[in-house]
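Features of the protein shown, as given by TrEMBL:
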TRANSMEM  61-79  transmembrane segment
DOMAIN    105-255  domain 'Peptidase S54 rhomboid'
TRANSMEM  110-131  transmembrane segment
TRANSMEM  143-163  transmembrane segment
ACT_SITE  S174  active site, nucleophile
TRANSMEM  175-193  transmembrane segment
TRANSMEM  205-223  transmembrane segment
TRANSMEM  235-254  transmembrane segment
ACT_SITE  H239  active site
TRANSMEM  266-287  transmembrane segment
Amino acid sequence: MSSKRSSSFRRAIANGRRTLQREILLDETGLGLYKRFVRYVAYEILPCETDRRWYFHQNRLCPPPVFIAIIVFMCYGIMLNKWVLQTYQLDFMKSPLVYHPGHRTQVWRFFSYMFMHVGLEQLGFNALLQLMIGVPLEMVHGILRISLLYMAGVLAGSLTVSITDMRAPVVGGSGGVYALCSAHLANVVMNWAGMRCPYKLLRMILALVCMSSEVGRAVWLRFSPPVPSSGPQPSFMAHLSGAVVGISMGLLILRSYEESLQKQCSWWVIVFSFITFLLFAIFWNIFAYELLGVQIPPPP
């Protein structure tokens, strides 16, 4: 039976068609551990059975590189105490990667702040969500699309903070992580009937609990830090703006599986809106601080 399925799949590829047999992928037996994981990812991300089988046969032998990268990143950060900050320390803003309103002319800080985290709790939350949601998304939609979505959430996070919370610094990759998570959760809700992944409700609840807990922790640290500090605590607005990017731009990316985004009118509307926001934020950072007389805490 498996040889017949493989031959029909090869004929479908040779003919340039995505027409596969109607057998449900869950019925296949004798799969190894990695193939079962790939099958699980297909049912976790894709609502269409044809897309699931196509993805499974295309990727059943390819290892997930992002999974390894996140594990290495997390272990390195924990064991060597890298990319982890404690905001109640007086010199926590001395890192050249952290976004600070007094250093907003250093453009790279609008991106590089994603490598720093406020303690092991934030690092752990972000790593857990990326392993649980980010890795399957990258395996299905490719590194280019997911990287675009992630970086859009990161940039929107720092720019939103520079507009709405003008005295606060920003650390952590929560903007990008929340863009991925909100896009995936919205996609699951819109395709609920077709998503046949097991425990989908439990996984959604777990993701929502993790996201809500991290937002609540960020709000608490912003307004009621456990130890008095010399300046404002990191803002939580990056979390919210990342979620908005995920629901708008991300939902379209995830729904357009193996389709050209350039041919979709809604994609260009979203891109135009994002560019408009980007230009507005640039002018805001150039002129608004002086016009409004914002008292920025001195940078380290």
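Every residue, even glycine, has its Cβ placed from backbone N, Cα and C.
Any TrEMBL annotation is an automated prediction that lacks curation.
What you are looking at is a predicted structure, and each value in this text was computed from that prediction instead of being measured.
All protein chains considered, the CB of the residue listed as 'active site, nucleophile' has 32 other CB atoms within 10 Å. Of the recorded ranges 143-163, 175-193, 205-223, 266-287, the transmembrane segment (235-254) has the largest number of C-beta contacts under 8 angstroms with 175-193.
Among the stretches 143-163, 175-193, 266-287, the one making the largest number of Cβ pairs under 8 Å with the transmembrane segment (205-223) is 175-193. Its Cβ taken as reference, the residue listed as 'active site' is surrounded by 23 other Cβ atoms within 10 Å in the chains shown. On the 0 to 100 pLDDT scale, the domain 'Peptidase S54 rhomboid' (105-255) averages 82 in the predicted structure. The distance from the Cα of S174 (active site, nucleophile) to the Cα of H239 (active site) comes to 6 Å.
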